[in-house]
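Just below is one structure, and these are the notes that go with it.
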Amino acid sequence: MNLYIYNTLSRKKERFVPLNCKSVKMYVCGPTVYDIPHIGNARSVVVYDLLYRVLSLLYGRQNITYVRNITDIDDKIINRAKELKISIFKLTHETTIKFHEDMSYLGCCNPTIEPKATDNIDVMINIITSLIQTGNAYSTDDGHVYFAVKTFQDYNLLSRRTFDSMILNSRESSEPQKSYFADFVLWKPANADNEDIDAVFDSPWGKGRPGWHIECSAMSYKFLGENFDIHGGGADLIFPHHTNEIAQSRCAFPESRHALYWVHNGFLTVKGEKMSKSLNNFVTVRDLQKQNINGAAVRLMFLSTHYRKPLDFNDKSLNDAKNIINYLYDTIDSVNGTAQQQDNIKAEFKGNAFTVEFISALLDDLNSPKAIACLLNIAKQIRRQNQSEDKLALTQALLYASNLLGILHNYQFIKDSNDVKDNSNVTPHEIDLLIAKRIQAKQDKDWNLADQIRSQLLSNGISLTDKADGTTSWKVIK
């Protein structure tokens, strides 16, 4: 089986061939943790979670290194902390926890590594120093360090923009200390009135903080090396963020290609406009959680449109996804005695024409709409079958395919939620939040807190099962 993926660098769909035939390295730009994620942010996470699942199918999860960073130092973070009158550390720590809770609600796997920018300042300083030494960057008297764009001849290779068009759209041309209007910042000096120690770091150019672009170059290099297979992110990151990443990384490591495949997902729109906090047209993941909407339905809504196309959020698209999830769950429930063991499901995949068609769709540039159509066809065939053995085999195929899409992470939600309401002191939403906090506690190696949360839920009749992919499922103990 071969995966074909659209490479923004070549503007073509290409057969994916990793640097190492037995392993894959993937870097995805993660959240800037100044506020809770809206569903436009979440769509990107779900897209690369699906890619991670497909790569795991092909190469084995143990052979995938999936790095997704946390940007925990940024102008937006500094301004938000001042607005709330709290420390930067408190803001970023609490927002990171909420991000993990929201992604758990959507059934997303944990990345292999999730580095924070502030933990890797030394790597950034080393790369900036190297760029200055090679003449690719320069420092100014006021403590700024800029990358000299004209020193990298392939600067526009990814974005395919012209410098003339960049001049017309430039926001930074008013900075007189820059040698060229397109030069971008690698290091910013600390503001004289900035008293938050979390925003100030020592450097050879004085106290300050890194620019946004250098953060991802440093973390991808530290955890994946000079060359890696896939770099992912939203289409809005093609320019300037990913364009600048390529420039500084390839100049810092002249023999490297940086990332081989550049993958970008489309915007999530509202009435044709990109969803963003600046336009105040956003819906947060928590807004949907508060409506007690199944996270699997939200995830399915994202996957119902091809990842490279814009997705317009509206009530109809969400209701359609909710109806499909209910249809799939009802289909599974209609088959008595279905074996849900993973081994049986995998064995069924090997010889099942329906699952072969489903997998083929995902291998064709993550064609999730076609994969969902295959899924519904399997469900339709289950309802038509009279023989219990045929129903069982098809249901195993349905379970396998649904698990690969990530829409069965809370299969028990509908049935168990009614039991929870009747027999427990916690709601399904509260259970999901506690599970996310427990996952965070385990990542922080706070084993006592993790055990306390498990015991708390158990005392309320909720049993937890930790899965190999880092997610946790729950069910009501009858």
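Cβ atoms are placed via backbone N, Cα and C, with glycine included.
According to Swiss-Prot, the features are:
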BINDING   Cys29, Cys216, His241, Glu245  Zn(2+) binding site
MOTIF     31-41  motif ''HIGH' region'
MOTIF     274-278  motif ''KMSKS' region'
BINDING   Lys277  ATP binding site
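Same-chain residues at least 6 positions away in sequence with a Cβ under 8 Å from that of Cys29 (Zn(2+) binding site) are, in sequence order, Arg68, Asn69, Cys216, Gly232, Gly233, Gly234, Leu237, His241.
In sequence order, Trp212, His213, Glu215, Ser217, His231, Gly233, Leu237, His242, Asn244 are the residues of the same chain, not among Cys29, Cys216, His241, Glu245, whose CB sits within 8 A of the CB centroid for the Zn(2+) site. The CA atom of Glu245 (Zn(2+) binding site) is located 24 Å away from the CA atom of the residue listed as 'ATP binding site'. Secondary structure at the residue listed as 'ATP binding site', as computed by DSSP, is coil. Counting every protein chain shown, the Cβ of Lys277 (ATP binding site) has 14 other Cβ atoms within 10 Å.
DSSP states for the motif ''HIGH' region' (31-41), grouped as helix (H, G, I), strand (E, B) and coil, give 3 helix, 2 strand, 6 coil. There are 26 other Cβ atoms within 10 Å of the Cβ belonging to Glu245 (Zn(2+) binding site). DSSP classifies Cys29 (Zn(2+) binding site) as coil under the three-state reduction. Neighbour counts of Cβ atoms within 10 Å were taken for the binding-site residues Cys216, His241; the minimum is at His241.
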